[in-house]
Amino acid sequence: MVACENNHLDTVKYLLRAGAAVSHRDIMGFTCLHLAAKVGHFDIVHHLVSKASKHINCQDDGGWTPITWSIEYKHKEVVYLLLAKGADVNIRDKVSTTSTTTVVEIIHLSIQLILKFTVASMQNFSLLMIKG
């Protein structure tokens with residue numbers, strides 16, 4: 001799991017060849033795929049999915065899937081990869097949120113930040129014009 005989280009692809013390959021279980025979970029229910037997706041390690045996610053695609057939609061103890069983590073941390077290349085490999089964005093977590101809902105929340109927050117920045121910039125510009 002440490003190798004997946006720290007982007008050590010050769011070590012991950014070695015451990016899998018030696019019999020390490022792709023489905024092994026830590027105390028929070030994370031698999032190697034969860035950890036690699038969360039931190040955005042594309043090559044490791046790709047390798048894990050190519051070796052064990054049946055785990056692509058596995059849920060951690062909070063009900064989050066690897067794609068949910070990659071969406072949360074905005075690793076778009078990993079999101080695209082997981083979608084291409086068949087990740088399901090409609091799986092609900094423990095509070096009935098889906099990955100699609102997470103995307104909408106992130107977009108909404110981004111729009112709010114853009115609007116706040118735009119309004120602040122316009123106010124500063126207006127002050128400059130008044131003083132000008």
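Placed from the backbone N, Cα and C atoms, the Cβ positions cover glycine too.
Residues annotated as repeat 'ANK' in TrEMBL: 1-27, 28-53, 62-94.
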Counts of helix, strand and coil residues, the repeat 'ANK' (62-94), according to DSSP: 16 helix, 0 strand, 17 coil
PLDDT averaged over every residue in the repeat 'ANK' (28-53): 96
Within-chain partners of the repeat 'ANK' (28-53) [C-beta distance under 8 Å, separation at least 6 from its ends]: 1, 3-5, 7, 9, 12-13, 16, 22, 59-62, 64-67, 69-70, 72-73, 75, 77-78, 81-82, 85-86
